[in-house]
Amino acid sequence: MRVSFTKMHGLGNDFVVLDARAQDLPALDKARAAAIADRNTGIGCDQLIVLEPSDTADFRMRIYNHDGGEVGACGNATRAVALLHGSEARIETSGGLLVASPTAGGASVDMGEPRFDWDAIPLEYPMDTFSMPVSWEMLADPGAVNVGNPHVIFFVEDTDAVPLDRLGPEIENDSLFPERVNVNVATVENRGRIRLRVWERGAGLTRACGTGACATAVHAIRRKLVDSPVTVALPGGELEIAWQPGGSIRMTGPATESFRGSFEWDDFA
Ligand SMILES: N[C@@H](CCC[C@H](N)C(=O)O)C(=O)O
């Protein structure tokens, strides 16, 4: 059967969006999700996004990483599907309910409240997630935050000097993180700006990570290194993140529809 899709991105973090409300999509398993996301033999994307009907929100958004694994949150994709929706959208995800409002060329999203308890990240055993007594070579004293998905955040002098292509997968797959983890390396440039690179769980180095920007901004605000709102500068561009302790995170930034197309479902078994 032919399946229609919309190719989108948020600051270069790219998505294939399948709308299961407009077509009868067969069940999607890990192998097929990875085959569609494959940049050599598939359509190619960092994450595959499936929109479904919801009893509790305007629609449900399901998120599959490049490796085919289903996860709970995707900040950049949330802005992208809000752009598609065209008006304020309440979005059900397995990481919680999100509320997104389109802006000129993008969207502003209430990403919900961050969680900090060790078993909410989750970690393998109890630990202070504000200042974790662990290190990997030059990366030390991280924090951990769950923003619908798990993030570990390291502050460094120069993000570009970190061999993230080597240390990222090592940390992502460390047994300390039973659900694996997204790895953020950040440089605080001033009280209003953070530079960030992310090794994404299940996707590797991406041009941008919305939940990574949220988690990093929250951790920097907790450590009193920056004020709120703060600009987070990723390789693909900038996001504005606002958060006060006890409240929810607001992420604002661009989203882009690249093109629309279709493919033969059975081509990706
Ligand atoms: N790029 C996304 C994050 C997608 C999921 C993440 N890799 C995970 O596995 O939790 C974003 O913009 O947040």
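Placement of Cβ uses the backbone N, Cα and C atoms for every residue, glycine included.
Note: TrEMBL annotation is automatic and uncurated.
Residues annotated as substrate binding site in TrEMBL: N13, Q47, N65, G75, N76, N149, N182, E200, R201, G210, T211. Around the Cβ of N65 (substrate binding site), a 10 Å sphere holds 24 further Cβ atoms from the protein chains shown.
Sequence annotations record features per position, and here TrEMBL assigns active site, proton donor to C74. Sequence-distant neighbours of C74 (active site, proton donor) (same chain, six or more apart, CB under 8 Å from its CB) are F15, Q47, I49, M61, I63, N149, G210, T211, listed in sequence order.
Annotated active site per TrEMBL: C74, in sequence order. Following the DSSP three-state reduction, the secondary structure of C74 (active site, proton donor) is coil.
The active site, proton acceptor annotation in TrEMBL covers C209. Here C209 (active site, proton acceptor) comes close to N13, G75, N76, N182, N184, L196, V198, E200, L234: these same-chain residues lie at least six apart in sequence, with C-beta atoms under 8 angstroms from its C-beta.
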Same-chain residues at least 6 positions away from R201 (substrate binding site) with a Cβ under 8 Å from its Cβ, in sequence order, are N65, G69, V71, N149, P150, E172, R180, V181, N182, V183
Taking the centre of the Cβ atoms of N13, Q47, N65, G75, N76, N149, N182, E200, R201, G210, T211 as the substrate site, the remaining residues of that chain with Cβ inside 8 Å are D46, I63, V71, A73, C74, A77, V198, A203, T206, C209, G212
